[in-house]
Ligand SMILES: [Zn+2]
């Protein structure tokens, strides 16, 4: 490893990102993609690949847009005129795409969220946006599940939150053990969902009835 030359662009990228995460320039990110293309054995200067680094960086901005969002802003608008509605509000089958933090391979699946309001409710689309806020980052499914549940609990302060995620990990289906069609299922409960087992089984029954994934 003594041949590592810190004046090379790749090493400079790594060094600057360690020194100041999030401060890597677009140019440096594009250079890193060019390095990967070269490492694969292709020519980044051939016509078909010329604009690829710029496109990859733009795609990454979209796939990892969650780093730029704040949960407090998404969940700030709540409503209290719900005529005393106090039973769970459940969103079933919110589709998401994330990327595993070990291989940067896609994790594709669905999230089910339920919360028991304590007077205030939140716009339904906001819960879907919370999913994206955490999904569009480098993730492990266990952490994603906990982050969604804990954030809804902390910001909205309902009587309880339940989250279930069912997803396929492409780092397992397209490489390594090469097992297709395996769903990884994780759950996280807070408040009444955590204390009351009947609340939990109600939730599980509701979100798993009549759906295949
Ligand atoms: Zn992985």
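All positions are counted from 1 along the displayed chain.
Note: Cβ is positioned from N, Cα and C throughout, glycine not excepted.
TrEMBL annotations: computationally assigned, not manually curated.
These features come from TrEMBL:
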DOMAIN    30-207  domain 'GTP cyclohydrolase I'
BINDING   100, 103, 171  Zn(2+) binding site
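Reduced to three states, the DSSP call for residue 100 (Zn(2+) binding site) is strand. Under 8 Å, Cβ to Cβ, and six or more positions away along its own chain, residue 103 (Zn(2+) binding site) finds 171, 175. If you take the C-beta of residue 100 (Zn(2+) binding site) and look for same-chain residues 6 or more apart in sequence within under 8 angstroms, you find 106, 107, 138, 139, 140, 169, 170, 171. Cβ proximity to the Zn(2+) site centre (mean Cβ of 100, 103, 171, cutoff 8 Å) flags the following additional same-chain residues: 99, 101, 102, 104, 105, 107, 169, 170, 172, 175. Here the Cβ of residue 171 (Zn(2+) binding site) has 16 other Cβ atoms within 10 Å, regardless of which shown protein chain they belong to.
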